[in-house]
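Working notes for the structure below.
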Amino acid sequence: MFSLSVLPPPPRYPSQPGGGYNGISATGGVLPMIETNNILTTPTGPEYQFLVGEGLYVLKEDLHLATPPPHPSEAPIQNPNPLSTAPQPATAGTQLSLINIDVGPLPPSFYRSNSRSDGVSGSIQEHPDERSQSSTEVRESTSDGGRLNSSDGGGGHFGSHAPAFGEGNTLLTPTPTKDSNKRRKPKNNMTKSNSSFISRVINHETLSKKLQERARDGMFAFANVNRAFQWLDLSSPTKAEYLTKILFTKAHCLSHDVNRVTKSAAHVDVVMGFSTGEIIWWEPISQRYTRLNKNGIINSTPVSCIAWIPNSENLFLAAHMDGTLIVYDKEKEDAIFSPEDEGTPLSSPSTAVRSSSDAPPLPRPTSSTSSSNNKTTTSSAIHKIHIQKSVHSKNQKVNPVSVWKLSNQRINAFAFSPDNRHLAVVSEDGTLRIIDYLSETLLDLFYSYYGGLTCVTWSPDGRYVLTGGQDDLVSIWSPGVDGTTQGHLVARCQGHHSWVTGVKFDLWRCDLDETTTGPGRNYRFGSVGEDGRVCLWDFSLGMLIRPRHDAWGCWGRSLGRVVVGGGAIRGCRGETVGRGGGKGEGLRKGEVRPRAVEPRASTAVLPPVLSKIIDDDPLCWLEFTRDAIITSCKSGHIRTWSRPAELTPLGEQENKVE
């Protein structure tokens, strides 16, 4: 008898010639690790192209970020059993934050193409320079990753009337500086830091010169891969050379964001959330930083998602993996947080629910249909935000600014609405929460078909929310935040063969003309997943596929278009849409009942216009820019896919004719 043993795979980074396996010399000493550089390639061939209705997308370049080896002090991770349920170290693959320092031109509401996937030629006649009270007034840089941000220019339509978070609490007013034109910098020098949290900082030898000679319309990128964080200039011909590379000792950066309000040629605010729960506020131009939540003094669980609060210079929101959302102030010191020590809020007492550090478990709603009376009944619990510290609290001298407990399971992602009033949050428990974060109240709660939800984004006009999840589906939701309709599931999108890891709308192929109403408005969005597949979807209410074995009324409910006497929206079997979910009788402000999971037989299905495997490794991020689609995978490949040449703004087409 003999036993079989499985050897671990060889190391990705070679050791010195003649050295032992895995960087261990024959004498038992640790050999110095080789630091590799980024690699830029331009692969060609039919496997690096994909055809959509508007034309051919071609891989322009593949930037492979150097993945650092484990730190010598870090305990080696043994090859786990792939079927094991033991907790693994938190990781997020490669995420990017794109930013254009200079304010770019107004993006067009729609890009006309010669053909569409449905064979209908484009008919949008709006000029991109027209000024009207519509969503085309959004002033943004075309290279800012397709985000709607009024901060990138004056007079934005979205969010222009939204109050500031915490408005009315004078204790949150930032301390004025002596020079109003100068931004406050972090207090520590990154390059001279002796902190054990930071292993090494490498700046480009001609960093100052590169910043002075960069193109005005160029795009910066901040990217994380493993325990490294890089600052790149994607507009440079030598984009493979990083401007700054930071190596952390043991912590992995899981999420990061750039402040669009404070960005300028002399100042950029970046926040990073780590697997240790710590947060770094970094200003790359001055190379200064500040550590927040040091040693997990406020919350010791990893930060899964982090973003600046819209229109705020100092405040940002971090999602921790214990199901907690925490608002931090970049300039305030940290203090040990205890929910029981917090005083009464200055306002909104009905929404400030005092609770222990663990919120009650969230039961999944169940639906059952009785054959005798042909009615659907739903049993579900009441849900609300457990506010452990309100933004209106009198204690605002130290962090945290606000703490909201949503669940006992990890929060995977969140996204702010274009009007800067609402927050969509997805969690490992399979929930999508719609929150009015200005008043700290829960508006609605939906469940996935099964499994957790992993990513979320809003449509540019705020009418729809997209989620991707462990059910291999992209779901389209109508959040109902406008008050005219109730929140409901619009459609499920089938095209992925594994977990969906990223969803995003393509602003340059969405019809944002507010004069278009009803089922005529068109949207383009994309998704990526762990199957290495990218899917593109064209969506309008008129394109949805009606379920075969279902009545028209039930399909109409998913569209929210079936109206009966008295104007009440009705669903299958005459039941009111949202019965047993959302707001209802006997509920206080901020309390909701979750919507029951819609069965497949009553849900519209949207097929993709493209579904193609573009990477051997699991994809984890995508973004749309004016000229390209950018994707990234867990092994550090950043791929830029050029748009079809015939896809040009309507205004540019008219100029060429003249």
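Cβ atoms are placed via backbone N, Cα and C, with glycine included.
Checking the ranges 1-21, 484-504, 505-525 against TrEMBL, the region 'Disordered' annotation falls on 1-21.
Secondary structure counts, DSSP: the repeat 'WD' (446-478) has 0 helix, 19 strand, 14 coil. The DSSP breakdown of the compositional bias 'Basic and acidic residues' (585-598) into helical (H, G, I), extended (E, B) and coil residues amounts to 0 helix, 2 strand, 12 coil.
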